[in-house]
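Asks: Structure incoming, see below.
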Amino acid sequence: MHSPSRKDFVSLTFTGSGNYNSKQWRRQSCWRKWKQLSRLQRNLILFTVALMLVCGIATYPAVTEHFRGKASKKITSLPLTCLLLQKQKRAPHKRGPPGLQNRLQKKGTGSDIQVEENPIQDAKKADKEEGEKPLMVANYLGVCVSEFDRLEAVRDAFRHAWKGYKEFAWGQDELRPISKSYGEWFGLGLTLIDALDTMWILNLREEFEEAKTWVSTELSFNKNVDVNLFESTIRILGGLLSTYHLTGDTLFLDKAKDIGTRLMPAFNTPSKIPYSDVNIGKGTAHPPRWTSDSTVAEVTSIQLEFRELSRLTQDTRYRAAVDEVMQKVHKLEGKQDGLVPMFINTNSGQFTHLGVFTLGARADSYYEYLLKQWIQGGQKETELLEDYLQALEGVKKNLLKKSSPNSLTFVGELSHGQFSPKMDHLVCFLPGTLALGAHHGLPADHMELAKQLMETCYQMYAQMETGLSPEIVHFNMHEGSIRDVDVKLADRHNLLRPETVESLFYLYRFTKDRKYRDWGWEILQNFNKYTKVSTGGYTSINNVRDPEYPSPRDKMESFFLGETLKYFYLLFSDDPELLSLDKYVFNTEAHPLPIWSSAE
């Protein structure tokens, strides 16, 4: 029996409308082709598709950032841990207009202080509610926020502060943001001058140019007004000198020479220890009305600025005056293991109030300027370095203790042999200064102590209900203490001070440990939440222990723009050459001055 003959063609009959390109036909055709592939070919295709899918998911955040208008900026790529651990931000469970949600409300206060959403506290609260480990918070707000976003947040904060100053206090010393007015100290546009180099560093050229115009046309030092020698030197002279170095514009050098010359009468004293107050119009100087003493910090923290003025003008009298002060203090009796008392008499040239030692107010920047003068001068002046190293040994021996229960290392005070566990926020300059010394070749244990004190200064913020540090804390040293820090009612204010942010900048610049950036970011968020005033500016507050109503003081110090925001920006910048610490040294008001070459 023969099998039917095989045909060499296939006969197809199309019915209906003859639409042979229908979806059903295409699906059948693709399926036929897929079945014709070998198993190896099919596996390779499936693997390729899966790989493309994984890559697409991994790069999704960067793609979305690109299309949000940030394609022209370099954005730090997010680590895989961030992608895995990042939490979704929860919408606030609030009703009402956003303007009402973002403002502190308390009956009868009429406050304009603005409260923004605080992602860190939201995350911590959510972790507590869900029983998760707080470790996730760092990934929630730390690694998952690009450095570009952080820099922009600082620039936004500056613009907001400048908006208030420009609108309500233009050309005056200080903004009062709550009352939309201003306060005067010297009548010299203190905030504007203090902020000049910050605007340049933050690349806020429009704001800088309008401030420069005011300096050129309105700023005059020919006024019958008493100014404080120390404050005028660090804020005005230092600000003008640093702005000259950054811009090369001789306008600022000319103004610096003018104010520097007008401050020189302060040194006309029997002892050559300068008076605290100078009338820059009359050319006279005097001590405060209630005493003939000057504070040690004031007379020993003007050297960087006057020394630099001498170098630029080739006029040696500025440097000679301040160097003589340091030489006298170097030889004085009354120190204890290198620690200095807080007051010095302008008539006798001797320390007064003997037996009281602190690294806080009235003495703090003496220690800072010992190191920084040594760095500024090319590390040649060995007496300055010897005094600095001896003082640090005195701190370790007399002032350094541990708290309970968490063994935080802190710096207390000594009064006639009695130790007090009191520490000013001002002391938080010390971690940065220690780190700077270690960077310039001083013993490595200085860096270890810097890290321990940096943790303490951060805890002074973290253990407060607002996440902002008080002006003064007292550490518990007794076993069984519940918390490390106590704060007296009179010490609960926050003045927008820079010292902790300053030290975070140094610690990050030298160690590259991201936690210092994350701590700084947390502090900036809390400044925005509790001190930002909706109509412009930021305000100091009275009570860091009351997040419901921190009680605004209605004052924005010039150092918030001159120091605090500048150090935030430098902390978040990835450019190590932005004010390299091998080329610049910062004065105690955060104004960078050049380190002299070895030939100078």
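Cβ coordinates come from backbone N, Cα and C, glycine included.
Under the heading transmembrane segment, TrEMBL lists 44-63. What TrEMBL lists as region 'Disordered' is 89-129. What TrEMBL records for GLU231, GLU471 is active site, proton donor. Under the heading active site, TrEMBL lists ASP364, GLU499. Among the features that TrEMBL reports, disulfide bond is placed at CYS428-CYS457. The Ca(2+) binding site annotation in TrEMBL covers THR588.
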Asks: For the recorded positions CYS428, GLU499, which Cβ has the most other Cβ atoms within 10 Å, all shown protein chains included?
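Replies: Counting every other Cβ within 10 Å of each candidate, the maximum falls on CYS428.
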Asks: I'd like to know which of the active-site residues GLU231, ASP364, GLU471 has the most other Cβ atoms within 10 Å of its Cβ.
Replies: ASP364
Asks: How far is it from CYS428 (disulfide bond) to GLU471 (active site, proton donor), counting Cα to Cα, in Å?
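Replies: CYS428 (disulfide bond) and GLU471 (active site, proton donor) have their Cα atoms 11 Å apart.
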Asks: Roughly how many angstrom lie between the C-alpha atoms of GLU471 (active site, proton donor) and GLU499 (active site)?
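Replies: Their Cα atoms are separated by 11 Å.
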Asks: Counting only residues 6+ away in sequence within the same chain, which have a CB under 8 Å from the CB of THR588 (Ca(2+) binding site)?
Replies: ILE234, SER301, SER365, GLU368, TYR369, PHE429
Asks: Taking GLU499 (active site) as the reference, which of GLU231, ASP364, CYS457 (the recorded positions) have a CA within 10 A of its CA?
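Replies: So far as Cα distances go, the recorded positions lying within 10 Å of GLU499 (active site) are CYS457.
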Asks: Could you list the residues of the same chain, at least six apart in sequence, whose Cβ is under 8 A from the Cβ of CYS457 (disulfide bond)?
Replies: HIS425, CYS428, PRO431, SER469, GLU499, THR500, SER503
